[in-house]
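Peer 1: Mind having a look at this structure? Questions to follow.
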Amino acid sequence: MHNPRLFLSRAGFFSKPGLLPWDTGRPPDLSQSLLGRAYKGSFTSVIAKKHPSRQKYQKKQRHCRDDSWQERLADVVTPLWRLSYEAQLKVKFEAQKKLLQSLESHLKVLHGVSDTVAAHQSEGLRCLLHPIIPSPTTTGYRNKSTFSVYRSPDGNPKTVGYYLGTWKDGNVVCLPCNHLKNIPEKHSQVAQYYEVFLRQSSVEPCLLFHEGGHWRELVVRTNRQGHTMAIVTFHPQGLSEEEVCVQKVTLKDFFTKGPGAICELTSLYFQESTMTRCSHQQSPYQLLFGEPHIFEDLLGLKIRISPDAFFQINTAGAEMLYRIIGELSGVNSESLLLDICCGTGVIGLSVAQRASQVHGIELVEQAVEDARWTAAFNGVTNCEFHAGRAETILPQLLKSQKDEKLTVAVVNPARAGLHYRVVRAIRNCRTIHTLVFVSCKPHGESTRNFIELCCPPNSAKQLLGDPFVLREAVPVDLFPHTPHCELVLLFTR
């Protein structure tokens, strides 16, 4: 019998190393090997065993052909690239099924009975597991890419691409990623010309903060209309404001008048930052030229996207995801919809015409401004968006609701899952009868959220409301060639 305390522990069942939380032995084909053995290693290591010629990356760099470097990077960034897309979907579907089986098993232990899950029988589950929804596009699907600056295998510090190696082993290099299946040509082109800019710049890149240097990472965002936004991060170190301005002009001239003009950027941003990652509030994005926002047409809405606003990286796949969320939510004219971790507000806005009222909550202030603009531009009048931490805003918002409208909650948190106070607020709000939980990493901290939502009432943890019941699950593939997918879960009570 499983130990529920182990499952509930942060260091427990689903936080083991590896990508999938189980071990099913040694099936014969590659896709089954990925399923069965990733628990002890990774998809990359399993694939490598099928190709003995690729040796394990060593601390001391050894001479290696370009194609081998490219394969190594592909194995890290897109571990499933060697499989057909049909085989990839099989791997992902089985992953979600195993996860849900484990979840149901542990819920049964916690309750001592099986009444915490629905009565359906599907794929060995009591909840209804739908077939995985494939991505409409499988190549070049990313609408946002982040490129690092570091030393190439030949030692050139002005190289733009993705990291390969580990800092612990001291073998990190930076490799161009134009060969990766999920990167659009436009993103690779902008990265290539940023590298050209760096190599002709008199200012050194910032590889490690304590080593000095200035030029840092590049972010590229695109939409389906072909518009391109680039964001360059710069560490000022000891430069004066005037010296920083000179570098901004140099960068702008390169992409407007110089070789980089071929990229045809719609907008170019500059962020001066002394931190690894920071928000617009901490260090404002400075528009060097072009449009301040990028726009996307989605589900009949014109969506505005700011430089640091969250937007699903697979636009075509996101449309399918949002339709499924809307269908599962069952929102109607009597419903109040809470869109928690709403980003630019697309989920709430897309179902607003069916709901009585929509409240969206998002941490990133720029994203909230985008959501408000999108609502106004599209004539949506029954949506309100709130900027701040969900664990602070949600309890206050629920207390302010004086009527007894049936409340539907949709949560789409980051990989870290929901804050405990948010889970507690949802659990203890007796008007919330339907919850749609969207997770891009259901085997991580989100699993803890599922347990807290469905476990028996616990006064010590202030989980006093009736437990939710897992009814349906829909895997949606937004990340072809990687082991990840979105899992949409419907809970009711």
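Glycine is treated like the rest: Cβ placed from N, Cα and C.
Annotations for this protein, taken from Swiss-Prot, read as follows:
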ACT_SITE  C440  active site, nucleophile
ACT_SITE  E486  active site, proton acceptor
BINDING   Q312, E362, N412  S-adenosyl-L-methionine binding site
TRANSIT   1-14  transit peptide
Peer 1: I'd like to know which of the recorded positions E362, N412, E486 sit within 10 A of C440 (active site, nucleophile) at the Cα level.
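Peer 2: N412, E486, listed in sequence order.
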Peer 1: Using the residues the record lists for S-adenosyl-L-methionine (Q312, E362, N412), what whole-number Å value is the largest Cα to Cα distance?
Peer 2: 15
Peer 1: Excluding Q312, E362, N412 themselves, which residues in that chain have a Cβ inside 8 Å of the centre of the Cβ atoms defining the S-adenosyl-L-methionine site?
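Peer 2: Residues close to the S-adenosyl-L-methionine site, other than Q312, E362, N412: F310, F311, C341, C342, G343, T344, V346, I347.
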Peer 1: Under a criterion of Cβ-Cβ distance under 8 Å and sequence separation of at least 6, what residues of the same chain contact Q312 (S-adenosyl-L-methionine binding site)?
Peer 2: A318, L321, L478
Peer 1: Using Cβ-Cβ distances, find the residues under 8 Å from E486 (active site, proton acceptor) that belong to the same chain and are at least 6 apart in sequence, listing them in sequence order.
Peer 2: L321, V438, S439, C440, P475, V476, D477, L478
Peer 1: Name the secondary structure element type, per DSSP in three states, that contains N412 (S-adenosyl-L-methionine binding site).
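Peer 2: It is coil.
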Peer 1: Output the one of E362, N412, C440 that, of all these recorded positions, has the highest number of other Cβ atoms within 10 Å of its Cβ.
Peer 2: E362
Peer 1: Using DSSP and collapsing to three states, where does Q312 (S-adenosyl-L-methionine binding site) fall: helix, strand or coil?
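Peer 2: The residue in question, Q312 (S-adenosyl-L-methionine binding site), is coil (DSSP, three-state).
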Peer 1: Tell me, by DSSP, whether E486 (active site, proton acceptor) is helix, strand or coil?
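Peer 2: The three-state answer is strand.
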Peer 1: May I ask you to report the DSSP-based helix, strand or coil state of E362 (S-adenosyl-L-methionine binding site)?
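Peer 2: DSSP assigns E362 (S-adenosyl-L-methionine binding site) to strand.
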